[in-house]
Amino acid sequence: WIMGHMVNAIAQIDEFVNLGANSIETDVSFDKNANPEYTYHGIPCDCGRTCTKWEYFNTFLGGLRKATTPGDSKYHEKLVLVVFDLKTGSLYDNQAYDAGTKLAKSLLQNYWNKGNKGGRAYIVLSIPNLDHYKLITGFKETLTKEEHPELMDKVGYDFSGNDDIGDVAKAYKKAGVTGHVWQSDGITNCLLRGLDRVRKAVANRDSSNGYINKVYYWTVDKRASTRDALDAGVDGIMTNYPDVIADVLSESAYTAKFRIATYDDNPWETFKN
């Protein structure tokens, strides 16, 4: 999965997919009542990027729905996965459940079209704080209450705080999550980060009793660091330059082992090294 980083304006969906992304990451900020409000990152952000592009969250979902609904004039067949980077740092811990509830209602209405031929992309809810695991509970219980529990088949999870792998496992246990787990590792492109924790995550994925289904690394903009991440066995790379990742994937060293995921590739299925 080539994951376009910080895609927060509708116009950027086309831009990143046209550069080779089959997945995008979108920042979601919340108001003080835990309503998802804007797709917005803010300053500071990655080096070389404009930090302030934004839409209202529900407006963005409308654009995203069009981009992932077959038959729509804006449809991109290859856009198959969306990571919502949920900026829950502005919330109190006890608001996490409400944030999950409100997020589910927004997606149900504006993305899934109440379950009637909505957008088809798989969704990863990426949460920065292990203490906010109840966001997952709120999300799940709301879709059940709204009589669309089947949509959870399209939803996966990530805790993005670079926490100890064992602590992440405990948070999933509390949330009752037993699959659909993406594990991120990384740092802003302005700084360097080694691959030690990525290798631990890959080892967990490849073990017989691990909780991780997929591992992705962020934010990778250079050919050398792309090769290092692929050599470590990641499933996804988040980038500001999808064309760079696509170029490296077409090198003879990688074409035998990797290909770009399509809609038929189940993002919750573990593919071991």
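Placed from the backbone N, Cα and C atoms, the Cβ positions cover glycine too.
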Swiss-Prot has GLU25, ASP27 down as binding Mg(2+); which of ASP85, ASP93, ASP98, ASP131 does it also list for that site? ASP85
Going by Swiss-Prot, the cysteine from CYS45, CYS47 that pairs with CYS51 in a disulfide is CYS45
If we check Cα distances from GLU25 (Mg(2+) binding site), which of the recorded positions HIS41, CYS45, CYS47, CYS51 wins as closest? HIS41
Can you tell me which recorded positions out of HIS5, CYS45, ASP85 are within 10 A of CYS190 (disulfide bond) by Cα, answering none if there aren't any? CYS45
Which has the fewest other Cβ atoms within 10 Å: GLU25, ASP27, the binding-site residues listed? ASP27
Listed recorded positions among HIS5, CYS47, CYS51 whose Cα sits within 10 Å of HIS41 (active site, nucleophile): CYS51
Measure from the CA atom of ASP27 (Mg(2+) binding site) to the CA atom of CYS51 (disulfide bond) and give the result in Å, rounded to a whole number. 11
